[in-house]
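Participant: Pulled these from TrEMBL:
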REPEAT    177-211  repeat 'PPR'
REPEAT    282-316  repeat 'PPR'
REPEAT    384-418  repeat 'PPR'
REPEAT    486-520  repeat 'PPR'
REPEAT    586-616  repeat 'PPR'
REPEAT    617-651  repeat 'PPR'
REPEAT    717-751  repeat 'PPR'
Amino acid sequence: MVPIWTRKVAIRPSSKPVVTFFSSDPNPSARPLPTSIVVRSLSAEPLASSHGFGMPRERSPVRTARYLLDEMPVPDFRTCNQRIRAHTSGRDYQASLSVFVRMLGARLRPDGFALAAVVKSAATLRDAGHARAVHGFAVKAGFAGIVAVQKAMIDMYAGFGALCDACQVFEEVGQRDSVTWNVLLTGYARAGLSDDAMRLFHSMHGCGVEGVKPTAVTIAVILPVIAKLNVLKAGQGVHAYVIKIGLDTDTLVGNALASMYAKCGSIIDDAHKVFSLISSKDTVSWNSLIGGYSQCGLFAEAFRLFSRMVSMNFLPNDTTLVTVLPICAFTEGGWHRGNEFHCYILRHGLDVELSICNSLLTHYSKVGDMKRAEYIFGRLDSWDLVTWNTMIAGYAINGWTSKALDLLQQLLIGSTKPDSVTFLSILPVCAQLYDVEGGRKIHGYLIRHNLLCQETSLGNAIVDFYGRCGDIVDALQTFRGINKKDIISWNTMVSACIENEQLEKFADLLTQMICKGIQPDSITILSVLRASTTYGIRKVREAHAYSFRAGFVSHFTVGNAILDAYAKCGSIEGAHRTFLNLTGRNVITGNTMISGYLKHGRSEDAEMVFGQMCEKDITTWNLMVQAYAQNDCSDLAFTLFHQLQSEGMRPDSLSIMSILPACARLASPCLVRQCHGYVIRTSLYDIHLEGALLDSYSKCGSLDDAYKLFQTSPEKDLVTFTAMLGGYAMHGLAEEAIRVFSDMLQANVKPDHVIMTAVLSACSHAGLIDVGWKLFESAIEIHGMIPTMEHYACMVDLLARRGRLREAYEFILDMPCEANANVWGTLLGACKIHKEVEIGRMVADHLFDAEAENIGNYVVMSNIYAADGRWEGVEQVRRLMKTRDLKKPAGCSWLEVSMKRHVFVAGDLSHPQRTFIYSTLRTLDQLMKEPMERICIRAN
């Protein structure tokens with residue numbers, strides 16, 4: 001690029017082109033300037049008056065001065081210097097360079113301060129070519145030795161990242177003061193050269209011969225470097241030095257110390273103490289501590305500090321809002337808090353600041369309100385890469401995968417180029433969609449733009465993508481191509497092997513890792529523990545032993561994974577022993593043990609752990625509610641459900657799904673409606689929760705409510721169709737069930753085994769043999785299903801209901817696999833209905849072997865014998881039951897009247913209204929025995 005003073009610059013349309021050649025002369029006092037420049041300058045006109053005639057009113061002092069200077073057509077020496085400094089102070093850097101060019105064209109000489117301002121302008125405009133030309137002019141004109149110019153040159157080169165040039169100028173400075181050191185130190189810090197910055201700081205600290213001491217600015221520059229290196233000990237050393245030289249009361253230093261301690265993780269012990277000692281706190285002080293709490297995940301404390309800041313009349317600035325907005329999502333009522341901040345931003349006109357808008361996008365993305373995020377994104381006049389990345393990441397984490405890919409396509413078309421953050425957000429989207437082709441295109445883009453060589457994290461993301469898509473070959477190839485593998489690279493590849501059940505490759509990879517001297521970390525151990533469950537309890541014990549020797553057992557995640565591994569291998573005792581020996585436990589530890597105990601039928605141990613837990617999360621409560629509901633302890637499930645709410649917990653979608661089976665078991669549509677109402681009020685929409693509500697309404701007999709919910713469903717998937725169809729099938733409404741099945745096929749939803757069982761069951765209940773057979777055959781021929789035992793049981797029931805028992809029996813014998821108890825039990829029930837003793841006896845022989853402990857099978861066979869008058873058969877079945885120690889449970893039924901539930905158990909004498917109940921039953925029994933004619937006469 002041609003330097004600005006070698007171009008033809010039209011300052012005014014009336015100006016005449018003047019070509020001036022200056023001789024080269026190193027003497028700075030010489031009047032002709034020592035350089036050759038081609039310029040177009042202003043015509044020589046007399047200087048204008050300094051009076052401000054015609055000057056617009058209501059200007060700031062700086063703008064007034066600049067206006068007066070700009071109204072002077074042909075400046076003199078002093079006026080030009082003043083004008084350059086005024087433009088630079090007013091951040092009009094292009095105008096500053098233009099005046100400099102005009103000054104040279106008029107053969108006027110700038111002073112050192114004006115030239116320093118020109119250097120600053122060139123540096124701020126980020127034009128390296130112009131900046132070097134100014135440097136060349138300074139050298140030739142003899143200004144290179146002026147300290148102000150040298151400082152500006154160091155700052156300019158440091159700003160460009162040309163630190164070698166900055167150091168060269170620094171070495172040429174005769175007497176370096178603290179400002180000179182600070183300028184170079186700032187350059188190193190800005191360039192991310194933390195180690196070099198630390199070495200320079202130590203050099204400055206040790207150069208006592210020059211009499212230079214670190215200032216408050218020095219400390220404010222070096223402390224963020226220490227924070228970036230996360231060297232708390234070095235920060236404490238600087239803190240001690242600050243106290244020694246008496247800078248501990250300085251607000252700038254105090255702010256930097258608080259921020260450093262916070263970023264190094266010592267937020268409570270040190271950062272808060274430093275903050276409390278700052279005598280003159282400003283907004284930056286509060287921002288430092290709020291940001292520290294946020295970074296450490298202490299979001300509630302960050303908000304309390306923010307409230308305290310506002311209450312002490314400190315107005316939040318841009319940085320405050322940018323810090324606080326993203327953490328709203330992690331606090332209770334986060335959406336509403338973020339919305340309040342949004343209103344504040346709109347009231348004060350801060351929505352023009354792109355950084356604040358980006359923070360709003362982050363907030364709404366985290367709370368799942370992508371509609372609001374889209375609205376803000378669409379109203380922006382300009383977008384930077386952070387804006388694009390925030391929206392793409394928001395779409396990705398909220399499951400709006402197609403929109404994330406569309407936005408990436410728009411970004412690639414535009415002038416803004418994506419960076420590593422962009423692709424780290426989009427690659428999981430491709431993995432979620434199993435879009436191997438899309439992922440390969442991104443991989444190709446990264447290779448073409450040489451990004452993979454620069455960013456190890458991108459290589460790791462590509463490996464993870466291929467692993468999640470099941471392409472272990474490309475994952476390994478990408479892994480081998482990563483130049484600088486870190487522990488994350490190895491862990492990602494190890495995890496990919498385990499996910500794809502490539503256990504041999506996993507073992508080889510683990511061996512290579514150890515041979516290369518890379519020590520496994522806690523994440524590696526988690527992968528090893530997952531793999532060890534496949535090999536059996538012995539490998540779990542070996543992984544446990546290694547974790548103990550390496551000191552990983554104290555990590556919460558590893559300890560919990562060990563418990564889970566033992567439980568999955570069936571060694572609940574091993575999990576119990578490990579649980580007792582764990583020194584550090586958290587909520588997840590307790591949840592893992594409760595889950596393990598429940599899976600192994602040890603509900604009392606689960607209750608004991610639950611009672612001993614000092615801290616419980618919603619998962620803890622959900623586990624116990626679900627356990628009670630599944631084990632027919634509905635009263636305990638409801639008690640616990642109410643208790644979790646009384647302790648301040650808000651039920652989530654899993655809580656509702658856990659309690660719904662208890663509501664359905666009590667056949668209480670009122671309770672289901674209460675759950676449904678809560679879901680609507682709290683916006684807990686979830687496709688699986690919707691299916692559970694449909695199923696519960698159906699089991700309670702409230703098909704109208706179920707159908708209304710089904711009709712209003714925003715997106716119907718296989719779960720929704722299955723629940724609705726199953727409800728109709730359960731109540732024998734075959735035509736409605738078949739209609740739902742047809743609607744599902746028209747919606748291009750592919751049926752699975754569960755919904756096929758439901759529709760076949762509906763045909764069976766309605767006796768639709770032909771329709772049932774067609775559906776059964778279509779499941780095999782059209783949908784490519786292999787029939788399950790449930791399908792065969794439906795077909796047996798379909799035949800048996802029409803009295804074709806022999807055909808059903810032969811169908812079972814011709815099945816390609818051995819029938820289970822469910823299939824035989826279906827046919828035995830039909831034998832009872834049709835009083836078919838011989839086939840029933842043959843079926844019972846199979847059934848008593850397949851399911852010897854089921855008391856119901858014996859009762860059915862006994863009733864078949866009794867109905868045919870074969871009392872010896874009845875006695876034979878009873879002896880068999882007695883031999884196997886089987887007892888028939890008492891019958892039980894429920895009745896809900898005016899939202900009050902009544903339970904009736906056969907032979908129960910404890911009911912408070914037992915006299916009236918048994919009297920009514922005797923009356924009903926007598927009426928059922930009388931002929932219908934006599935009942936009608938009595939009624940009349």
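Glycine too: its Cβ is placed from the backbone N, Cα and C atoms.
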Participant: What are the helix, strand and coil residue counts for the repeat 'PPR' (282-316) according to DSSP?
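Facilitator: Summed over the repeat 'PPR' (282-316), the classes give 26 helix, 0 strand, 9 coil.
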Participant: For the repeat 'PPR' (282-316), what are the same-chain contacts with Cβ under 8 Å, counting residues 6+ beyond its ends?
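Facilitator: Contacts with the repeat 'PPR' (282-316): 251, 254-256, 258-259, 261-263, 265, 267, 271-272, 275, 323-324, 326-327, 330-331, 337.
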Participant: Give, as a single whole number between 0 and 100, the mean pLDDT over the repeat 'PPR' (486-520).
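Facilitator: Value for the repeat 'PPR' (486-520), mean pLDDT as a whole number: 88.
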Participant: Same chain, outside the repeat 'PPR' (717-751) by at least 6, Cβ under 8 Å from its Cβ: which residues?
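Facilitator: For the repeat 'PPR' (717-751), the far contacts come to 687-688, 690-692, 694-695, 697-699, 701, 703, 706-707, 710, 758-759, 761-763, 765-766, 768, 771, 775, 779, 783.
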Participant: Per DSSP, what is the residue count of the repeat 'PPR' (384-418) in each of helix, strand and coil?
Facilitator: 26 helix, 0 strand, 9 coil
Participant: By DSSP, how many residues in the repeat 'PPR' (177-211) are helix, how many strand, and how many coil?
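Facilitator: Residue counts for the repeat 'PPR' (177-211) by secondary structure: 29 helix, 0 strand, 6 coil.
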